[in-house]
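Pulled from TrEMBL:
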DOMAIN    41-290  domain 'G-protein coupled receptors family 1 profile'
TRANSMEM  25-48  transmembrane segment
TRANSMEM  60-79  transmembrane segment
TRANSMEM  91-120  transmembrane segment
TRANSMEM  200-225  transmembrane segment
TRANSMEM  237-260  transmembrane segment
TRANSMEM  272-289  transmembrane segment
């Protein structure tokens, strides 16, 4: 017990998926192929948008940012898990753990803010087409994307600083394949997690605020679309919105399943499934959707 407490100040032990070498190699090859697929698909989108002048429009500029966030998010968790699997270790340093928490929160929060901006972009394109050029100039787009990056950074800094300033006295074993805030809070001394409640309230307000904005944007978009007399034009407008709607649905549903499901349907294996759903699935599926 003393040994685990003294080492908990400089390293954490992550969940190991497997006990036998064969299963370790299976985990390694599966995660590596997932990671390479995400690198390739997001890399192709980034290259296509950057190199093709016809794609220098607000929609594709935001899509390029989305691919950067997805690439970053999957790079925070999977490579460490792969390298631990090869080296047959579970350890991650204290700083490495804090970096994982900060970077993943930063990239996921920024992605969600960006999806909100993209809903506004679709709303203007369909409901205010005459003002679209004036309102969504290149400077406005850069400012909106920068706001998403900056908001994600501030949110992650607040959350990470708060989590790692709480004293930990329940050992150093994190029941997840990467450092995740709920798992780290489980190691905290019981009376100190109340400080996290304030941050959770802020998170919930931001999450639902953006969600309501996206829903209201789409209510207005669909109202306009359903008034279009031509079926072909209606289909064309729908096809502009459906990829974004699918990406938002995937993001929101996986985050809700990971963090807002009732405690009655919670188990260590389900926690891992939930973490894979929100941290690994979107970076692979988003490029396919688009």
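Keep in mind that glycine also has a Cβ here, set from the backbone N, Cα and C atoms.
Residues 17-18, 55, 63-64, 67-68, 70-71, 74-75, 78-79, 81-82, 85-86, 280, 283-284, 286-288, 290 of the same chain lie 6 or more positions beyond the ends of the transmembrane segment (25-48) yet place their CB under 8 Å from a CB of it.
Remote same-chain residues near the transmembrane segment (200-225) are listed as 109, 112-113, 115-116, 119-120, 122-123, 126-127, 155, 158-159, 234, 237-238, 241, 245, 248, 252, 255 (criterion: CB distance under 8 Å, separation of at least six residues from the stretch ends). Residues belonging to the domain 'G-protein coupled receptors family 1 profile' (41-290) score a mean pLDDT of 89 in the model.
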